[in-house]
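Student: As listed in Swiss-Prot for this protein:
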type: ACT_SITE; residues: Cys331; note: active site, thioimidate intermediate
type: ACT_SITE; residues: Arg429; note: active site, proton acceptor
type: BINDING; residues: Asp274, Ser275, Ser276, Gly324, Met325, Gly326; note: NAD(+) binding site
type: BINDING; residues: Gly326, Gly328, Cys331, Glu500, Gly501, Gly502; note: K(+) binding site
type: BINDING; residues: Ser329, Asp364, Gly365, Gly366, Gly387, Ser388, Tyr411, Arg412, Gly413, Met414, Gly415, Gln441; note: IMP binding site
type: DOMAIN; residues: 114-174; note: domain 'CBS 1'
type: DOMAIN; residues: 179-237; note: domain 'CBS 2'
Amino acid sequence: MADYLISGGTGYIPDDGLSAQQLFAVGDGLTYNDFLILPGFIDFTSDEVDLTSALTKKITLKTPLISSPMDTVTESSMAIAMALMGGIGIIHHNCTPEFQANEVRKVKRFEQGFITDPVVLSPHHTVGDVLEAKVRHGFSGIPITETGKMGSKLVGIVTSRDIDFLSEKDNNKYLEEAMTKREDLVVAPAGVTLKEANDILQRSKKGKLPIVNDKDELVAIIARTDLKKNRDYPLASKDSRKQLLCGAAIGTREDDKYRLDLLTQSGVDMVVLDSSQGNSVYQINMIHYIKQKYPELQVVGGNVVTAAQAKNLIDAGVDALRVGMGCGSICITQEVMACGRPQGTSVYKVAEYARRFGVPVIADGGIQTVGHVVKALSLGASTVMMGSLLAATTEAPGEYFFSDGVRLKKYRGMGSLDAMEKNTSSQKRYFSEGDKVKVAQGVSGSVQDKGSIHKFVPYLIAGIQHGCQDIGAKSLSVLRSMMYSGELKFEKRTMSAQVEGGVHGLHSFEKRLY
């Protein structure tokens with residue numbers, strides 16, 4: 001045996017790594033890439049890991065993921081998909097109060113399998129309009145009503161079978177000539193269950209099943225393609241009435257009180273006070289107002305990055321805190337305003353303080369990979385809010401476009417001039433609605449197509465579970481208790497360590513995540 005090797009028992013284990021307290025004791029601001037978590041002992045499978053976590057004082061999610069209130073990330077389609085997967089979506093407020101309230105209403109009224117806001121045309125639209133809708137939305141089975149709107153009398157339907165063999169000169173042909181007429185349609189009455197509707201659709205061998213009320217007005221539609229996708233969502237985030245959970249963002253100005261009233265009438269479960277710097281008299285006054293008028297409504301305050309900021313909002317009565325300033329991929333606040341904080345340090349410092357008062361923390365921004373999600377949760381965050389990671393999914397607002405053969409969707413910061421020019425709500429978020437000269441705190445860009453949330457979020461969930469398994473934490477509550485007890489160990493990474501931890505030494509490679 002080599003002379004440097006010692007023969008003996010294994011009772012001795014050297015101290016290794018740093019506790020979170022030691023890691024953040026130094027004054028350096030740390031991002032998620034600046035450290036790693038040391039592995040622990042595995043005695044369970046990854047699918048046993050429980051990801052249940054508190055969103056607010058009274059709302060718990062089975063998946064700790066939230067979609068950000070940005071106008072290129074979250075409207076009703078995203079919020080529905082996130083809630084079905086066990087997370088929640090926060091509807092943006094860079095729009096009219098009426099539009100936002102209607103988006104919330106769509107989420108709360110959602111029934112799995114029933115499409116309540118399909119593309120609808122009138123008999124006076126043309127075949128060209130159908131072809132255009134097919135390019136934009138990817139399907140051509142479109143119900144035809146008298147006015148071209150939902151709630152109007154059903155007069156027919158146009159499917160690919162009706163138009164596939166028409167020539168280009170027929171593009172101006174009216175749909176009343178091309179459509180399948182009402183008398184030839186199979187329909188189901190309003191109030192039918194999803195199972196009954198599915199049975200009718202299967203027996204009829206049709207592609208679409210319109211749902212009509214007793215006046216023969218269109219109220220919903222079921223698609224055969226959705227039948228294949230229809231499955232149980234055991235993790236779905238629901239309220240006591242079995243409706244999907246939905247949040248919405250509002251500002252802190254006087255006119256936001258009207259927006260708040262409309263949102264509560266729509267059944268919103270929580271409001272997020274959307275401000276780049278939450279420690280303000282405006283936000284504190286708004287928290288007091290909401291808690292007085294709607295005491296049961298959950299209120300998320302922020303954004304904050306220090307315990308001192310958090311204290312004022314906790315004292316005002318918030319039910320959760322949103323943490324992050326200048327760390328988003330499209331955010332230039334730190335560059336322009338010289339204000340902010342690296343996100344790793346922000347999450348740890350605020351979460352460590354807020355937990356003493358039972359206030360959960362949402363890590364908002366800077367999430368580029370599933371590993372970053374695990375790191376945020378290991379630093380004390382209860383949930384993680386994502387923007388760019390969910391942008392360019394099928395459910396995100398906006399239309400796809402191609403650039404150099406790559407399928408993209410637009411993504412922009414709410415502090416970008418683009419967003420500010422669209423609506424004053426974005427200006428209020430950055431306290432600049434009265435400024436003659438607008439100072440941008442965000443940029444506009446594009447993100448590559450990621451496919452559907454229904455495929456992407458399961459990848460994130462599996463990644464978080466595997467991360468917790470490697471750490472040796474069977475649940476997120478165990479993960480946080482390990483961190484606060486000092487059992488969870490971290491290690492700083494040098495720049496060369498970060499290079500080593502990524503793909504390196506290859507001539508070329510393809511990175512497929514799922």
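One is the number of the first residue shown, and numbering goes on along the chain from there.
The backbone N, Cα and C atoms fix where each Cβ goes, and this holds for glycine too.
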Student: DSSP helix, strand and coil counts for the domain 'CBS 1' (114-174)?
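Tutor: Grouping H, G, I as helix and E, B as strand yields 20 helix, 14 strand, 27 coil.
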Student: Could you state the whole-number distance in Å separating the C-alpha atoms of Gly502 (K(+) binding site) and Gly365 (IMP binding site)?
Tutor: 21
Student: Taking the Cβ of Gly501 (K(+) binding site) as the centre, how many other Cβ atoms fall within a 10 Å radius?
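Tutor: Result for Gly501 (K(+) binding site): 12 neighbouring Cβ atoms inside 10 Å.
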Student: Tally the residues of the domain 'CBS 2' (179-237) by DSSP class, grouping H, G and I as helix, E and B as strand, and everything else as coil.
Tutor: 20 helix, 16 strand, 23 coil
Student: What is the average pLDDT across the domain 'CBS 2' (179-237)?
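Tutor: PLDDT averaged over the stretch: 82.
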Student: Cα within 10 Å of Gly326 (NAD(+) binding site): which of the binding-site residues Gly365, Gly387, Tyr411, Glu500, Gly501 qualify?
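Tutor: Within 10 Å Cα-Cα: Gly365.
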Student: Could you tell me the C-alpha distance between Met325 (NAD(+) binding site) and Gly365 (IMP binding site) in angstrom, no decimals?
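Tutor: For Met325 (NAD(+) binding site) versus Gly365 (IMP binding site), the Cα atoms are 8 Å apart.
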Student: Indicate whether Glu500 (K(+) binding site) is helix, strand or coil by DSSP.
Tutor: helix
Student: Quick one: Cα separation, Ser276 (NAD(+) binding site) versus Tyr411 (IMP binding site), in Å?
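Tutor: About 18 Å separates the two Cα atoms.
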